[in-house]
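To start, the structure under review is shown below, and the notes come after it.
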Amino acid sequence: MVSLGAVYSAAYVFLLAVTLVLGGDIVHHDDVAPRRPGCENNFVLVKVPTWIDGVENSEYVGVGARFGPTLESKEKRANLTRVVMADPPDCCTKPKNKLTSEIILVHRGKCSFTTKANIADEAGASAILIINYRTELFKMVCEENETDVDIGIPAVMLPQDAGLNLEKHIKNNSNVSIQLYSPLRPLVDVAEVFLWLMAVGTIICASYWSAWSAREAAIEQEKLLKDASDDYANTENVGSSGYVEISTVAAILFVVIASCFLVMLYKLMSFWFVEVLVVLFCIGGIEGLQTCLVALLSCFRWFRQPAQTFVKIPFFGAVSYLTLAVTPFCIVFAVVWAVNRRASWAWIGQDILGITLIITVLQIVRIPNLKVGTVLLSCAFLYDIFWVFVSKWWFHESVMIVVARGDRSGEDGIPMLLKIPRLFDPWGGYSIIGFGDIILPGLIVAFSLRYDWLAKKNLRAGYFLWAMTAYGLGLLITYVALNLMDGHGQPALLYIVPFTLGTFLSLGKKRGELKILWTRGEPERPCPHNQEDNQSINSHQ
């Protein structure tokens with residue numbers, strides 16, 4: 001029987017499922033900011049390590065301009081150069097101080113960015129640092145009517161606090177020197193490899209658990225039939241209550257409801273709202289961790305007796321003693337993660353809670369046939385593309401990416417994600433994958449293994465091996481696209497759905513089983529009426 005908490009976990013993940021693979025933006029592609037010859041650079045983040053009187057000090061992060069030469073990518077090749085303050089500070093007129101290849105520090109305002117850069121270039125500066133009048137960074141572009149954009153020095157925008165710190169040291173007559181470089185991320189980071197293994201491994205574990213449960217239920221029913229038990233109908237009802245089956249209508253409604261929740265997350269994104277999401281995630285994570293621990297411990301003979309002995313608890317119904325024993329641990333685990341979720345190691349707890357929750361959902365929620373699976377994944381495919389790419393036209397930013405990163409919340413992303421820190425990325429950050437990128441295709445992969453086992457197909461003649469391979473390949477292509485886009489978030493289902501669903505449909509058609517998979521789905525279990533009819537036919541023969 002499905003517990004109330006398990007049903008809640010399934011509903012929670014479906015309503016708040018984020019479907020996105022993200023590696024952290026380093027290069028900021030911007031189709032809104034105008035491009036033209038001389039003003040066609042990508043907006044790159046720039047590292048600005050500082051030295052005060054020869055002693056290494058703070059390191060700041062700026063953003064490169066649309067114009068000017070590109071910066072060096074290697075730290076060892078970046079020159080350590082002295083910084084001087086512009087006089088006048090806005091650098092809208094020729095500086096009074098004489099420059100000999102120093103980096104000039106100027107304030108934003110009174111004239112265009114390109115005007116400042118041209119004046120600094122003509123005065124002999126080697127680069128220009130522009131202090132923003134806000135704490136965030138700003139993308140520096142060329143004005144539409146400007147013609148003199150052949151600028152020979154790099155221009156970098158600094159946030160207000162960083163620029164004012166440098167200015168304070170210069171005014172105190174300190175010798176301030178900096179380096180300017182924009183390191184490239186490696187083609188492949190170990191984090192992406194482990195995240196791929198986590199996603200694939202989670203689906204494999206969930207699929208085998210789901211198939212094993214379906215086969216055990218089928219074997220139990222066959223035993224009852226052989227004993228000519230009158231309790232078959234009751235057993236069938238219990239089995240059907242062990243999981244939640246998705247219908248075609250529910251598959252379509254998923255996109256509508258999920259979109260509404262995504263917009264709500266986007267509009268209400270704030271510190272307190274993320275706190276609410278953390279509480280919801282903890283509740284779902286406790287249920288998932290508890291379910292997986294009970295199932296795992298039940299495999300050992302020492303725990304079988306407490307797993308099969310139940311006590312009735314108000315509201316929750318019959319609960320095994322083993323469940324009661326592991327629940328306090330699960331609660332403490334989730335609370336410890338929630339309290340320390342900003343710690344550097346907190347991603348481990350988030351991934352454990354997330355994986356167990358996903359496995360539990362894939363065990364409980366099932367698609368009855370390939371038709372429902374096709375509708376669900378097709379709708380999710382369109383949902384993913386719309387909220388990552390098309391939403392920019394209405395909201396002027398990608399709604400899915402903003403929600404996944406937790407922008408405007410003061411938090412490092414929302415909890416409905418698996419994440420691993422990027423180990424060899426000079427910019428740090430996390431590689432992440434949304435729950436939806438595992439759960440939605442995982443439903444059809446789990447269906448393929450249940451079909452194979454109930455139809456008594458071996459691994460090669462079945463569908464699971466091909467569906468699982470297609471999912472892994474689709475996710476791999478997603479990471480290739482992620483790296484080609486310099487870490488800009490990608491809708492994973494854009495690549496996973498064609499691979500997974502296309503492989504399943506093509507293979508079913510080639511084998512002549514598409515009609516069965518499409519409508520009937522899993523092989524029908526024998527019923528008492530069919531058995532009686534067969535016995536009657538045999539007796540007449």
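Each Cβ is built from the backbone N, Cα and C atoms, and glycine gets one as well.
Features reported for this protein in TrEMBL:
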type	residues	note
SIGNAL	1-23	signal peptide
DOMAIN	83-166	domain 'PA'
TRANSMEM	193-211	transmembrane segment
TRANSMEM	246-266	transmembrane segment
TRANSMEM	272-303	transmembrane segment
TRANSMEM	315-339	transmembrane segment
TRANSMEM	345-365	transmembrane segment
TRANSMEM	372-390	transmembrane segment
TRANSMEM	427-449	transmembrane segment
TRANSMEM	461-482	transmembrane segment
TRANSMEM	488-507	transmembrane segment
Worksheet item: the transmembrane segment (345-365) vs the transmembrane segment (427-449): three or more C-beta pairs under 8 Å (separation of 6 or more)?
Response: yes
Worksheet item: Do the transmembrane segment (427-449) and the transmembrane segment (488-507) come close, with at least three CB pairs under 8 A (pairs 6 or more apart in sequence)?
Response: yes
Discussion item. Can you tell me which recorded stretch out of 246-266, 272-303, 461-482, 488-507 has the most Cβ pairs within less than 8 Å of the transmembrane segment (372-390)?
Written reply: 488-507
Fill in: Positions on the same chain near the transmembrane segment (461-482), where near means CB under 8 A and six or more residues out
21-23, 188, 192, 196, 199-200, 203-204, 207, 437, 441-442, 444-445, 448-449, 451-452, 455, 488-490, 492, 494-500, 502-504, 507-508
Fill in: Overall pLDDT for the domain 'PA' (83-166), taken as the rounded mean
90
Practice prompt. On the DSSP side of things, how many residues of the domain 'PA' (83-166) fall into helix, strand and coil, could you say?
Written response: 18 helix, 17 strand, 49 coil
Fill in: For the transmembrane segment (246-266), sequence-distant contacts whose Cβ falls under 8 Å of one of its Cβ atoms, 6 or more beyond its ends
14-18, 273, 277, 365-368, 371-372, 375-376, 379-380, 382-383, 386-387, 395, 399-400, 402-403, 414, 443
